[in-house]
Amino acid sequence: MSFDKELALALEIVQVSCKITTSVAEHTLTDQTQIKNDKSPVTVGDYSVQAYVNKKIHETFPEDQIVAEEDTKTIPEDIFAKVCKHVQIYSDMKDDEIRKSIDLGNSTGGKGRHWVLDPIDGTLGFLRREQYAVCLAFMIDGDIKVGVLGCPNFEGGLIVAAQKGCGAKMFSVNDIKNGKDIHVSTTPKTSDMCFCESVEVSHTDQSRSKTITERLQVTKPPVRMDSQCKYMAIASGRADVYLRLPRNLSYQEKIWDHAAGYLIVKEAGGKVTDIYGNDLDFSLGRTLCNNHGIVASNGILHEETVNVVKDVLSDLK
């Protein structure tokens, strides 16, 4: 079964979303930032992208459900006014429609047709004007069929996309008609690998990463970047292994932090599992509650890396 229509829609709305976030970033971000209960920053860009994306999905596939990160329960009115200003450049939605559109992302996931959105993954990177990504995936019963990542600050702006069974492509953020096929690296030895991880120490256990890379005899320093841009780096051969290491087993990864990147790496010939080598299960709701941490790789290095990761993290509770 083809999902060409879903892929075309995802590419189009991620491209526009990159324009929205770039526009927001051109303004001073300090007064546009809000701190959520989990202490991660939320920007006008997050809400603006979610409003726009949800509206476009709902127009085209009105019966589909959307699992997205943000909601409007605590959005201050001054922030919301800025959201409306940015959204209305690209949409004719009224203010009340924008609020309703943001809250279309409240699905609990699971069975059926679902879109999975992280409007700005790597908000701290966005605020630093470094790496962030607009992340959109489409799944049926937890099986990812389409994944698109927009990375506006990566090498002048890139979009990577995949449809299950059709490989992965990379586009300029300004041209989604002419993509080129991408593939993971063929690096055969861990001693030669380029390893990437999150910038923020709250997102991964960097001290354990250091132990793991020493065990694997990695000679290159880690490449640290925010967001699912790391999946893009693996899929395009710019890096060989990505580790996201939990500090304890109580933390549950959110599906919007991984859905698009997971498919793109796999379609580029790589492998993505949790730290125990188990496939990721997106069918259980808004979190990967049956998985712990992430290992993504070019496939060649996967088994050796996972074995060392399991050993180093064997005391996790």
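Every residue gets a Cβ built from N, Cα and C, even glycine.
Positions annotated as active site, proton acceptor by Swiss-Prot: Asp46 (among others). Around Asp46 (active site, proton acceptor), taking its Cβ as the centre, 30 other Cβ atoms fall within 10 Å, counting all chains.
The active site, proton acceptor annotation in Swiss-Prot covers Thr123 (among others).
The annotation Mg(2+) 1 binding site is assigned in Swiss-Prot to Glu69, Asp118, Ile120 on the grounds of experimental evidence. Sequence-distant neighbours of Asp118 (Mg(2+) 1 binding site) (same chain, six or more apart, CB under 8 Å from its CB) are Ala68, Glu69, Ala133, Val134, Cys135, Gln228, Lys254, Trp256, Asp257, listed in sequence order.
DSSP assigns Glu69 (Mg(2+) 1 binding site) to coil, not to a helix or a strand. Per Swiss-Prot, the feature Mg(2+) 3 binding site maps to Glu69; the stated evidence is similarity to another entry.
According to Swiss-Prot, the feature Mg(2+) 2 binding site maps to Asp118, Asp121, Asp257. In the three-state DSSP assignment, the secondary structure recorded for Asp257 (Mg(2+) 2 binding site) is helix.
Marked as adenosine 3',5'-bisphosphate binding site by Swiss-Prot on the basis of similarity to another entry: Thr123, His203, Ser227, Lys230, Arg244, Asp257. For the recorded site, Ser227 (adenosine 3',5'-bisphosphate binding site), the DSSP three-state label reads coil.
Neighbour density for Lys230 (adenosine 3',5'-bisphosphate binding site): within 10 A of its CB lie 28 other CB atoms from the protein chains shown. As annotated by Swiss-Prot, AMP binding site applies to Ser198, His203, Ser227, Lys230, Arg244, Tyr251, Asp257, with the evidence given as experimental evidence.
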10 Å Cα neighbourhood of Asp121 (Mg(2+) 2 binding site): matching recorded positions from Asp46, Ser227, Arg244, Tyr251: Asp46, Ser227
Where Tyr251 (AMP binding site) sits in the secondary structure, as DSSP reduces it to three classes: coil
Packing count at Ser227 (adenosine 3',5'-bisphosphate binding site) (other Cβ atoms within 10 Å of its Cβ): 30
Integer Å distance between the CA atoms belonging to Asp46 (active site, proton acceptor) and Thr123 (active site, proton acceptor): 8
